[in-house]
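Asks: Residues or ranges marked as L-glutamate binding site in Swiss-Prot (evidence: sequence analysis): Arg41. The pyridoxal 5'-phosphate binding site annotation in Swiss-Prot covers Trp101, Thr152, Asp172, Gln195, Asn237, Thr238. The feature N6-(pyridoxal phosphate)lysine is assigned by Swiss-Prot to Lys196.
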Amino acid sequence: MRVFNFSAGPAAMPEEVLRQAADEMLDWHGSGMSVMEMSHRGKEFMSIHEAALTDLRDLLGVPASHRILFLQGGGIAENAIVPMNLLGSRKTADFVVTGSWSQKSFTEAKKYGTPHLAATGKTEDGYTRAPVRAEWQLSDDPAYVHLCTNETIDGVETFEIPDLGDVPLVADVSSHILSRPMDVAKYGVLFGGAQKNIGMAGVTLVIVREDLLDRALSICPSAFEWKTIAANNSLYNTPPTYAIYIAGLVFQWLKRQGGLEAIEARNIEKAKLLYDTIDSSSFYLNKVEPAARSRMNVPFFLADETRNEDFLAGAKARGLLQLKGHKSVGGMRASIYNAVPLEGVKALVEYMKDFEQRGA
């Protein structure tokens, strides 16, 4: 029996995608091979690779000025790869820290330059807000400005993206990419791990403006140098072929759903249902300011935290899995990515109401 999976990542996958992958596991399109057996330079995989790139460019509206790269190492590796590729002759990059992941990015950048904290969303209750542009104190000549547009752990999402002129904006979009339309032209670099809305763990997405490809530090490994990866169409070394294949199936699924406008409408409906349930209750609490609440990751706390384990056990009995909050913040977290259906959120809300009534 399939359950409703609220994991933050690796996360729920569209069932259609899983079934198609299962059907094609032993014999992809009459080739007699599984995708995971194919040469990454053979015509079979090349057709998969090119289709994935084309479909993603179409879904996001990626302009011709930007290259799409498939790498490895996840978002955490990009915390090192970004400064190694963008600092160039400069030493400073600015960071807007809105949660745990942008804090990790800021800390990692200290190994390669002198990062500057331009703004923070931290309050006495933790990370609960997204600083607006007027609050950003940028340095005089930063190589780039870094922002995590959705903080998976803290449940903070930044919706208003400013125009920074000649300063490249770098965004970690790991946990909200493909959940809503984006103006890619506003960004110098977008990056994210795949294991939330793109597909399975193993491939990392980077979208980089071409004019930024000549800034790499000499210490940057060739396998992580964006210019080298772009020149080789993401095939400089053996790529994570099966993860790219799965990502391609997800892109096709998204197009069948009506694209990102249709997906965004669904996600707004799911998030509203869950937040309304939390806000109308004295038993559940979300600490994030309403304007910065994530549509993808909804942390919440029980008024009586001694009942956390009872809540999780009861949820599991109803087929509602992986609701435990991140160890750094505690409580609960429901990750309601694209593949989590409205029915799953309705089932969670019904359980939350039942659990509250039993404890009243």
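Placement of Cβ uses the backbone N, Cα and C atoms for every residue, glycine included.
Could you place the listed features in the three-dimensional structure?
Replies: Reduced to three states, the DSSP call for Arg41 (L-glutamate binding site) is coil. With a 10 A radius on its CB, Arg41 (L-glutamate binding site) counts 10 other CB atoms from all the protein chains.
Within the same chain, the residues at least 6 positions away from Asn237 (pyridoxal 5'-phosphate binding site) whose Cβ sits under 8 Å from its Cβ are Ala223, listed in sequence order.
In the three-state DSSP classification, Lys196 (N6-(pyridoxal phosphate)lysine) falls within coil. Residue density at Lys196 (N6-(pyridoxal phosphate)lysine): 30 other Cβ atoms are found within 10 A of its Cβ, drawing on all protein chains shown.
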Asks: Report, in whole Å, the straight Cα-to-Cα distance of Arg41 (L-glutamate binding site) from Lys196 (N6-(pyridoxal phosphate)lysine).
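Replies: Per the Cα atoms, Lys196 (N6-(pyridoxal phosphate)lysine) and Arg41 (L-glutamate binding site) stand 27 Å apart.
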Asks: When neighbour density is defined as the number of other C-beta atoms within 10 angstroms of a residue's C-beta, which of the binding-site residues Thr152, Gln195, Thr238 has the lowest density?
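Replies: Candidates: the binding-site residues Thr152, Gln195, Thr238. Fewest Cβ atoms within 10 Å: Thr238.
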Asks: Give the sequence-ordered list of residues that share a chain with Trp101 (pyridoxal 5'-phosphate binding site), lie 6 or more positions from it, and have CB atoms under 8 Å from its CB.
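Replies: Sequence-distant Cβ neighbours: Gly75, Cys148, Glu151, Thr152, Ile153, Asp172, Ser174.
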Asks: For a quick check of understanding: given the listed pyridoxal 5'-phosphate-binding residues Trp101, Thr152, Asp172, Gln195, Asn237, Thr238, what is the maximum Cα-Cα distance in angstrom, as an integer?
Replies: 30
Asks: I need the CA-to-CA distance for Arg41 (L-glutamate binding site) versus Thr238 (pyridoxal 5'-phosphate binding site), whole Å please.
Replies: 9
